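Q: The following block contains the structure, expressed as structure tokens.
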Amino acid sequence: SPSQRGTAIVGYAFAVVGGPTLGPIAGGAIVSSYLRWRWTEYITGIMQVFFLVMDLIILDESYPPALLVSKARRLRHESGNWALHARHEEWDVGLKELAHKFLLTPFRLLVTPIAFCVALYASFVYGILYLCLAAIPIQFAEERGWGPVTSELPFLALLLGTILGGAANVFNNKFYIRKLQANNMRAVPEARLPPMMVGSIFFAGGLFIFGWTSYRHVFWLAPCIGLVCMGFGFFTIFQAALNYLIDTFQKYSASAVAANTFLRSIFAAVFPLFVSPMFHNLGIPWASSLLGFIAVALIPIPYLFYIYGPSIRKRGKFTAQVT
């Protein structure tokens with residue numbers, strides 16, 4: 001339900017951010033030990049097999065139409081009434097329909113103003129998260145001369161920021177529930193945006209702090225404070241974006257999330273490719289500032305949708321049903 005979704009997505013978002021923040025620390029320790037770099041791949045593969053087996057054992061089907069199909073099948077055998085069936089069983093799946101629903105719809109949503117702007121913002125901060133995989137070692141290993149393990153420890157500051165962001169989103173869920181009850185238990189997308197509105201400022205500020213405190217003579221805690229701000233901003237923006245898209249594109253929520261996932265995956269793949277030449281040629285302060293200026297330009301997005309979101313949804317083909 002909408003009231004439970006906010007807290008549930010906090011858990012999902014922690015899983016998304018846990019790998020990029022804890023992985024470099026574990027990887028640095030493994031590479032520095034007698035295990036060497038190959039065991040970073042072996043351990044990852046072992047964990048993937050373990051989680052796959054656990055998923056197959058523990059996870060149950062949760063898609064409502066599929067659950068109704070199972071219930072109808074059970075009732076047919078129990079009652080002997082073979083006319084009982086679920087509507088989902090009438091769906092004659094064809095390749096054309098599958099392609100339209102699962103391939104074309106996400107791209108059609110991505111060109112709508114709400115989906116594009118929100119997904120763009122979420123993808124940008126997600127790309128910055130992966131950019132930090134190279135930016136943090138540049139600052140703490142190359143600039144400050146820290147070792148291969150200690151230079152990865154500042155990722156804990158990023159993780160701390162995400163924990164604070166998760167707490168902010170859980171707190172905002174109480175505000176959302178009040179708005180939900182006042183709206184006759186119908187989703188209120190704009191009530192998802194306050195954490196993003198606050199986090200957008202912290203995220204941009206964190207980039208500037210991280211960049212301009214990168215000098216060797218500046219105490220190491222200063223750039224870590226910037227990383228905490230970035231982590232807080234990332235989590236509040238990323239999680240609020242998912243909730244806002246789901247509440248806005250209710251019937252097409254899976255396609256909206258797919259569009260967001262597609263775009264953020266591109267950003268996550270591309271950003272690490274240019275971070276090294278950019279940070280080495282521009283220097284850490286100005287490279288971070290360039291990203292900070294882009295982050296500042298994106299700050300108005302949650303504020304604009306908080307004010308004008310309802311009127312935009314009324315004119316949208318995919319969102320007209322959300323009031």
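Cβ coordinates come from backbone N, Cα and C, glycine included.
Unlike curated records, TrEMBL annotations are generated automatically.
Feature table excerpt (TrEMBL):
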type	residues	note
TRANSMEM	12-36	transmembrane segment
TRANSMEM	42-59	transmembrane segment
TRANSMEM	109-141	transmembrane segment
TRANSMEM	153-172	transmembrane segment
TRANSMEM	193-212	transmembrane segment
TRANSMEM	218-242	transmembrane segment
TRANSMEM	254-274	transmembrane segment
TRANSMEM	286-308	transmembrane segment
Q: Against the transmembrane segment (218-242), which of these stretches has the most C-beta pairs under 8 Å: 12-36, 254-274, 286-308?
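A: Stretch with the highest Cβ contact count: 12-36.
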Q: Who are the chain neighbours of the transmembrane segment (42-59) in space, where the CB to CB distance is under 8 Å and they lie at least 6 residues beyond its ends?
A: 26, 30
Q: Take the C-beta pairs under 8 A between the transmembrane segment (153-172) and each of 12-36, 109-141, 254-274, 286-308. Which stretch has the highest count?
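A: Selected stretch: 12-36, with the most Cβ pairs under 8 Å.
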Q: Taking residues 6+ outside the transmembrane segment (254-274), which of them lie with a CB under 8 Å of any CB in it?
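A: Tertiary neighbours of the transmembrane segment (254-274) are 101-102, 105-107, 109-110, 115, 118-120, 122-124, 126-131, 133-134, 241-242, 245-246, 248.
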